[in-house]
Every structure is written in structure tokens, then in C-alpha cells.
Amino acid sequence: MVSAFLQIPYGYLIDSKGFEKILPFCIFAVLIGSLVYWLCDNHIFIGISRLIIGAGCASSYILVIFIATTYFKKTIIPLLISLGEISVGLGDYFAGNVYLYTFKYLGWHMSNIITIIMISLLFFYSMFLIRKIYKIKFALPTLTANRIKVPFKEIIHHIIKLAQKPTNIAIFIYSFLTWGIIMTFAGYWGKSYYINMHNYSKEYALSIQEIY
């Protein structure tokens, strides 16, 4: 839910401020959230840490679209966005499995230390990348000059206008139902997997820490 609700604000911030300011901030938010998640035993703080991590990760999709539409030819934008979605999905899958296996074989603290190190490396890489981009912008000032700054009221107006077209509504409904079906199957698979493989009980699933 955090990821879904933040797409429009992130899009606005990226258009107005530039992704070079948003990318390090989002990775740093994930780093802070991961540290809180690792070091705090309080269930409320665990929930807050997950919200912070979700807020940081929410920028990944919109950043893919922004980079594709800003730095590449329009004819290959759909392909680039598809590749970006694939990379985000694969990254999520592999990251989850890396965390699962490190947690299983190395323990709670070591798995979180590995996670923190990986996020820190990603943060420093993003800073290096931003410096390179600033050098390119200094050499090609048209990249900065062509940045679009749209008032937030105008964005809301465009969203309302999009919702008034039956074709767009059909596309939104199709996307919503498709994700609903996919996530339902994932939920049933996850339920079966954890019950059969890890003796997962309904009572534990509904406990406060698992809800968080």
C-alpha cells in the first residue's frame, strides 16, 4: 500500500527535483528502515521500519519509467520499461531468497548485516552515479533545461481527465484484476508452503508481529 500510494508523489518530485536527488534519498531510507528492523525488538517499531523500507523501495518503478523516457528514444520506451519491470521483479525474488538462505544458515544478525552491507554499497554506488550524471549535465546543459516542472494541481487535473475515458478505465480495471489474480495465487502458494514446510499456524499468522 505504501508503494502504491507514493507513486504519484514520487513522480511529481522526480519531475520537479530530478531523480538524482530522489535516488540516494530513497536508498538511504531503505538503509535506515533496515537498521531499525534489525535492531528493534518492539513490534510497533518493526512495523514502522517496514513502512520506511516500503517508502524507499516505492521509487524503483517510477525511476525506471523516468530514466527510460528521459535518456532514450521514444520508440523503445515500452521495451525499456518492460526490462525495468523484469529487473525489479527478479531483484525482489533474488533478494528475498538471499535473505531467506542467509537467515536459515547464518542466523538473524548475520543475515541483517549482509543486507545492510548490500544496501550501503548500493547507496555509495548511487552517489558515484549521480556525480557522473552531474558531469554529463554540465557538458550538456539542455538535459537540465528540458526538465518539466508541472504544478501538482495540473497533475490532479490530468488524472481526472484520464479517468473520464472508458478505454483508460478498462485498462486500469484489467491491471487491477490481473494483479489481484496473481497475488491471490501467490498468497495461496505462500500459505500452503509455510503450513506444510514450517508448521505455520493460523494463530501465529494472526499474531501482532506477523501482521507487521
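Glycine too: its Cβ is placed from the backbone N, Cα and C atoms.
Per TrEMBL, the feature domain 'Major facilitator superfamily (MFS) profile' maps to 1-212.
Annotated transmembrane segment per TrEMBL: 22-39 (among others), in sequence order.
If you look up TrEMBL, you'll see 51-72 (among others) marked as transmembrane segment.
Taken from TrEMBL, the feature transmembrane segment applies to 106-130 (among others).
Sequence annotations record features per position, and here TrEMBL assigns transmembrane segment to 169-189 (among others).
Same-chain residues lying 6 or more positions outside the transmembrane segment (106-130) and placing a CB less than 8 Å from one of its CB atoms are 20, 23-24, 27-28, 30-31, 34-35, 37-38, 98-99. Remote same-chain partners of the transmembrane segment (22-39), defined as residues 6 or more beyond its termini with a Cβ less than 8 Å from a stretch Cβ, comprise 10, 13-14, 45-46, 48-59, 63, 109, 112, 115-116, 119-120, 122-123, 126-127, 129-130.
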